[in-house]
Structures are given as structure tokens and as C-alpha cells.
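Everything on this sheet refers to the single structure shown next.
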Amino acid sequence: MKTRMIFVGPPGAGKGSQAKIISQTLNIPHISTGDMFRTHIKGSTPLGLEAKKYTDQGLLVPDDVTNQMVKDRLSQKDVEKGFIFDGYPRTPDQAIFLDNLLMVTNQKLDVVLNISSSDEVIVKRITGRRTCPVCGAIYHVDNYPPKVAGICDNDGATLVQRKDDQKETIIRRLSVYKEETFPLIKYYAHKNLLMDVDGNQPLEVITKHVLEILEQK
């Protein structure tokens, strides 16, 4: 069973959902860059304070800061049996850093899962999201609606659509993703690590396909 993996894919393709499911199924940590940033920023670590300078301005955190957070995370005991990266690496430079980091500890990546979805499916998925401003619960108008339309099941707050979930923002993010990530996809394809997964399918079908890939020798 492959246990050291990376999930890549455009926003809304479902890579985060799959990473969480596989993490629970295989009992290995799901390492999301967003979670790493939040943990360091909340803990006011030197890396967190450095990252905050950029996130507060809506800028990407520089590679050297992100890479050091990854190095710190991979030094923890819970990654010995495997790990799932979600949102990292973002560029070939980060991928090379990760390769070298794993080499030092006699480890290597098993597979890179590219969850791809059509722009139309992604736009429909994301624009349907609604978030509770109080508890942070996420719903979807079609796929996971609240019991009462527009109202959070947990606290009765009125659900909102985040700016990030609006159509214009999504189209812009998809364009940036394609431009930024194509070199990374090419890098892993060249190393024969890339496996494509059709993200247009239902969640459970995607999970089944992912598990089949992980079980291949």
C-alpha cells in the first residue's frame, strides 16, 4: 500500500475531501498548508510571525518559510508510517526541496494524485457553498443543504456565501492555478509519480479509485 502521497488539483476538485477520507482510512496524517500556516500563526512561532506578514496582505508565503514549516512537520513522529500533503508542493522548486528532505531520511514519495475536474463542475460546486459565520460549518445548496434553507443547523445563524466562493473569484483562481501548477504536474509526470483521477465523479467513486491506485504495486 502506498502511504507517502501528495494530492494536487484545482480549487473545488475535491482534493481536500479525499485527503481527509484517505487520512482516516489509512490512519496517516493529512498535512494541509493552510492548517500548517494557521498552527504556526496561532502559536506565534518565528515562522508563523514571518508567514503572517504575507497572509495579512493576501500575498503568497515565500518558499523558504513554507519549506521550513514542512521540514518541521516531517520531523514529527506521526509521519513515520506515511503522510498526505494537500496544497504542498505548489512549485517545482518546492517539489525539489521535498525530494531532498525525504532523501535525507531515506524516504521517498510513493504517488502524486492529480484530482482533475472540469471548470463547469468546479464553479457549480464552489458557488453552491454556504458558510456559517458563527461556527464555521460549511453547507452546499444542492449536495449538503441545511435542514432549513439558509440557516445553520448548529446555531440558527444566517448562512453566507464567502467572497472566495463567488463565480468571478473562482474563475480567476482557476486561471492562476493552471498557470502556476502546470510545471509541477510536468515535474511529477517526468518522475513517473503522477496518477490522474477523474474529480467529476461522486465523492465515493473518487475515493474507490484513489484506494485502488494506492493498492497497486
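Every residue gets a Cβ built from N, Cα and C, even glycine.
Listed features, source Swiss-Prot:
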type	residues	note
BINDING	Gly12, Ala13, Gly14, Lys15, Gly16, Ser17, Arg129, Ile138, Tyr139, Gln201	ATP binding site
BINDING	Thr33, Arg38, Leu59, Leu60, Val61, Gly87, Tyr88, Pro89, Arg90, Gln94, Arg162, Arg173	AMP binding site
BINDING	Cys132, Cys135, Cys152, Asp155	Zn(2+) binding site
REGION	32-61	region 'NMP'
REGION	128-165	region 'LID'
Farthest-apart CA atoms of Gly12, Ala13, Gly14, Lys15, Gly16, Ser17, Arg129, Ile138, Tyr139, Gln201, residues recorded for ATP, distance in Å: 20
Inter-residue Cα distance where the pair is Cys132 (Zn(2+) binding site) and Arg90 (AMP binding site), in Å: 29
Tyr139 (ATP binding site) as reference: those binding-site residues from Thr33, Val61, Tyr88, Cys152, Asp155, Arg162 with C-alpha within 10 Å of it: Cys152
Residue among the binding-site residues Gly14, Val61, Arg162 whose Cβ has the most other Cβ atoms within 10 Å: Gly14
Residues that sit under 8 angstroms from Arg129 (ATP binding site) by C-beta distance, when 6+ apart in the chain: Ile138, Tyr139, His140, Gln161, Arg162, Asp165
Neighbours of Cys132, Cys135, Cys152, Asp155 excl. site residues, C-beta within 8 Å of centre, Zn(2+): Pro133, Val134, Gly136, Ala137, Asp153, Asn154, Gly156, Ala157, Leu159
Tally of DSSP helical, extended and coil residues in the region 'NMP' (32-61): 20 helix, 1 strand, 9 coil
Cα separation, Gly14 (ATP binding site) to Cys152 (Zn(2+) binding site) (Å, whole number): 23
Sparsest-packed among the binding-site residues, when each Cβ's other Cβ atoms within 10 Å are tallied, from Tyr88, Tyr139: Tyr139
Euclidean distance between Cα atoms of Leu59 (AMP binding site) and Cys132 (Zn(2+) binding site), Å: 25
Site of maximum Cβ density within 10 Å, from binding-site residues Gly12, Gly16: Gly12
Cα-Cα distance linking Tyr88 (AMP binding site) and Gly12 (ATP binding site), given in Å to the nearest integer: 16
Distance check against Tyr88 (AMP binding site) for the binding-site residues Gly14, Gly16, Cys135, Asp155, keeping those with Cα within 10 Å: none
Cβ neighbour count (within 10 Å, all chains shown) around Leu59 (AMP binding site): 9
